[in-house]
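The structure appears below as structure tokens.
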Amino acid sequence: MIALFRRSCGVLRSLSHFDWRSQHTKTALQREPGSGFSFEFTEQQKEFQATARKFAREEIIPLAAEYDKTGEYPVPLIKRAWELGLMNTHIPESCGGLGLGTFDSCLISEELAYGCTGVQTAIEANSLGQMPVIIAGNDQQQKKYLGRMTEEPLMCAYCVTEPVAGSDVAGIKTKAEKKGDEYIINGQKMWITNGGKANWYFLLARSDPDPKAPASKAFTGFIVEADTPGVQIGRKELNMGQRCSDTRGIVFEDVRVPKENVLIGEGAGFKIAMGAFDKTRPPVAAAAVGLAQRALDEATKYALERKTFGKLLIEHQGISFLLAEMAMKVELARLSYQRAAWEVDSGRRNTYYASIAKAYAGDIANQLASDAVQIFGGNGFNTEYPVEKLMRDAKIYQIYEGTAQIQRLIIAREHIGRYKK
């Protein structure tokens, strides 16, 4: 284990000449709100960004099309990301992790998504699965389930969505019945990213049998090990985009979970599940920006090479204006996720900004992918060119971790509350 740890650090230093695990300081967490405004990254942030960019462009991009075609889970790339310190960045230092802030994680997410959002989603899904344990787990739970992920490249999953309960989280039917020192869990989950690869799950289940019980008291959050008897993992789903990520349904049949695996206590699950999103939505928005930036870059490169009507595409005002609009949207979306990340790292409630970032970045990722296909013309509709994959990959950003419509409900609620104050 120690040898592996040292070898991982050596690989990272060889790329960026920086030892994350020994020299990390919580810059974002130490910054006082209002202490000064700056767009300058710290040297550490620049190093993380450079490492992620190098990995994405030299190792992910050359393999992305093949993984998209086969749907194979990108195990070698995930192991490599883990070796480079680009996975599990939220894990606290007390558990052997880097303890990075959300802003730092966003910088990494954007760069990885530029290479392939399928690969990036497989990596980032770990953060979503870990976050309930990070924000609500006790020391024993954190060291047991987060600590092991710093020792080897293990995966976990956020197990909440059900076949008839997506956006309506309060409508989930999976039940947890307490019997002695255990809970017996029965139910079905759906669209679980990393579902077939996870070592353990964060599971949300109804523990109060009263159907009228409020969501804030009716649900409990559990840590469930994937090899527990009664856990039945479904087939890998064939999705429109992000095909190399692992998405499955999971059935829980008389699954026994010890009370020690309850997060905080009975009835606290809904708040934990929702609270995780304030920290995970900014990196999802950042990933959408990474895809949008890739679409802009591919379209710009093509417009500088392709000739029509006797001149380059870029020399046609209609194309140049379209590229200008695309560039504007990328920059605005990037600022939105950075604001959301800065807010939560500064200790502020960032629900409003996180939803704005998630909604806007998801929308512009779809718009820019479509615009890139349009600039490529017929070539853009063909798998020999990269932009058709971007268009397929982009759609999920308007769906997972809260749909575009749910984000607007949250934004409206938060906005009205602010106005009334």
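Counting starts with 1 at the first residue shown.
Glycine is no exception: its Cβ is also placed from the backbone N, Cα and C atoms.
Swiss-Prot has this to say about the protein:
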- Lys69: N6-succinyllysine (MOD_RES)
- Lys79: N6-acetyllysine (MOD_RES)
- 158-167, 191-193, 306-308, 316-317, 374-378, 402-405: FAD binding site (BINDING)
- Ser167, Ser216, Asp278, Arg281, Arg349, Thr351, Glu401: octanoyl-CoA binding site (BINDING)
- Lys179: N6-succinyllysine (MOD_RES)
- Lys212: N6-acetyllysine (MOD_RES)
- Lys212: N6-succinyllysine (MOD_RES)
- Lys217: N6-succinyllysine (MOD_RES)
- Lys217: N6-acetyllysine (MOD_RES)
- Lys259: N6-succinyllysine (MOD_RES)
- Lys259: N6-acetyllysine (MOD_RES)
- Lys271: N6-succinyllysine (MOD_RES)
- Lys271: N6-acetyllysine (MOD_RES)
- Lys301: N6-acetyllysine (MOD_RES)
- Glu401: active site, proton acceptor (ACT_SITE)
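Feature map: Swiss-Prot annotations on the structure.
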residue	record	contacts (Cβ under 8 Å, 6+ apart)
Lys69	N6-succinyllysine	none
Lys79	N6-acetyllysine	Pro153
Gly166	FAD binding site	Trp191, Thr403
Lys179	N6-succinyllysine	none
Lys212	N6-acetyllysine	none
Ser216	octanoyl-CoA binding site	Gly267, Phe270, Lys271
Lys217	N6-succinyllysine	Asp208, Gly267
Asp278	octanoyl-CoA binding site	Val344, Arg349, Asn350, Thr351, Ala354
Lys301	N6-acetyllysine	none
Report task. Whole-number Å only: compute the distance from the Cα of Tyr158 (FAD binding site) to the Cα of Glu401 (octanoyl-CoA binding site). Result -> 10
Query raised in the report: So among the binding-site residues Ser167, Thr193, Thr351, Thr403, who's got the most Cβ atoms within 10 Å?
Result: Thr193
Report task. Return the member of Lys259, Arg281, Glu401 nearest to Thr193 (FAD binding site) in space, with distance defined Cα to Cα and candidates limited to these recorded positions. Result -> Glu401
Report task. Sort Lys301 (N6-acetyllysine) into helix, strand or coil using the DSSP assignment. Result -> helix
**Report entry** Distance [Cα-Cα, Å, rounded] between Ser167 (octanoyl-CoA binding site) and Lys259 (N6-succinyllysine)
**Finding:** 28
**Report entry** Integer Å distance between the CA atoms belonging to Arg281 (octanoyl-CoA binding site) and Phe376 (FAD binding site)
**Finding:** 31
Report summary line: Reduced DSSP state (H/G/I helix, E/B strand, rest coil) at Thr193 (FAD binding site) is strand
Report task. Measuring CB to CB from Lys259 (N6-succinyllysine), give everything in the same chain under 8 Å that is also at least six residues away in sequence. Result -> Lys178, Asp181, Glu182, Tyr183
**Report entry** Where His316 (FAD binding site) falls in three-state DSSP terms
**Finding:** coil
